[in-house]
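Okay, so here's the structure we're looking at.
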């Protein structure tokens, strides 16, 4: 090896037919040497061509970039974003890991694309995919919650990750948006300002593809008949019809003692509480479909293929936690699906008591009954439930928050013939309807929010504004195996001293 001269090329000139060399071993060049000199193999020639493709040629289309746009990377990117969106909506207990996994994926795409563009090592097509993949619906939702947490202290499903004291998390999330916008501006600039590879392909194949980027799905409608267009758009039309119908059905709750013509926040809350499938389609299904079609339909990824490189394997393994967590929600999803209004209508199942719970009336501040006076004692919450043996079990709020830290049993009650139910019992030193009552309701609301966020509690017909598990019953409470969280929430919200999320009384339970 020490005899090799790296400064001379070729390293064995006698084998390349140069004059003055009569080495017998190189009198007849080998087939491999001829193939190397002439690059007679088309596949080999394309590989050499794509090492440094010319700007004015598009003979082979866009050269592949498997670490960014191979089928494995694209599928893993879509799966990770969609599964994480489902987890944030229906399993808020896992939002911390979800947040940082999405931040890692998004910043990796944005920074790697920026570096490659600056060194003229990225085509415009692959830059569009990198920027578009970073701008997923999940990234948009995270930015919305980060901005909301900055200007409001209200509790929401991302409160644990972006709420009070999580300044660094909010900064990292909000910074994604200007970086994404800057990437789009770079893609719109002329190629003379930012040198992309294979500029000729932008004209020959894509015909100014950046102008059609956001309208990718609608290019499928070009040249189609009216019937085919209607079939393609029928799911979207159904969703657009479902919203006004749902608003009409909930009009009494939306505009009950409300002066605003369009109370958008209240309208959204009432509809998604009562019809969780509409929320699922609006927040996850249709945005995800549009996002995937935007990146796939008008793109020319015919040259891409899977090879087990470091970048592709990393993308696959990064998506495994999201897919695994989403798979664990399947049992709850089946229960949620069976509980939907249209499923019950199709299967001819009658409405049960859980579907007849009235929605809360946040504006009803009148007609509050006088609560019975209670002995003076420190404020405390407890929950009481009756198991299958008619044994009463009392739970403290702290134990409901942390069921694994202490035994759930406070005191067993005697057997009775009471109807199995669960309810909150609130003890307050002031039984009047003035300051003590306001403090009681404020404390009730805070404790209930903490419990719902920690348990992922919610129901399609419940009064909760926290859709951490909208319509999805989670695990049963300690020592109450016959009660899922959905049933527990039903009994909780219908007990006699019932207050909504605003701390206002809205009538006795049935």
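Quick reminder: no glycine exception, Cβ is built from N, Cα and C everywhere.
The feature compositional bias 'Low complexity' is assigned by TrEMBL to 373-383.
TrEMBL lists 354-383 (among others) with the feature region 'Disordered'.
Taken from TrEMBL, the feature region 'Disordered' covers 426-462 (among others).
Taken from TrEMBL, the feature transmembrane segment applies to 99-118 (among others).
Annotation comment: TrEMBL describes 124-147 (among others) as transmembrane segment. Counting residues 6+ beyond its ends, the transmembrane segment (124-147) has Cβ neighbours under 8 Å at 62, 65, 68-69, 74, 77, 81-82, 84-85, 88, 99, 102, 106, 109-110, 112-113, 116-117, 156-158, 162, 169-170, 173-174, 176-177, 180, 183-184, 186-187, 191, 196, 199, 201-202, 206, 209-210, 213, 283-284, 287-288, 291, 294-295, 299-300 in the same chain.
Residues or ranges marked as transmembrane segment in TrEMBL: 167-189 (among others).
If you look up TrEMBL, you'll see 229-249 (among others) marked as transmembrane segment. Here the transmembrane segment (229-249) has Cβ contacts under 8 Å with residues 220-221, 267, 271, 274-275, 278, 281-282, 286 of the same chain, all six or more residues outside its ends.
Among the features that TrEMBL reports, transmembrane segment is placed at 275-293 (among others).
For 313-334 (among others), the entry in TrEMBL reads transmembrane segment.
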Close approaches to the transmembrane segment (167-189) from elsewhere in its chain (Cβ under 8 angstroms; 6 or more beyond its ends): 99, 103, 106-107, 110, 113-114, 117, 124, 127-128, 130-131, 134-135, 139, 142-143, 145-147, 149-150, 161, 210, 213
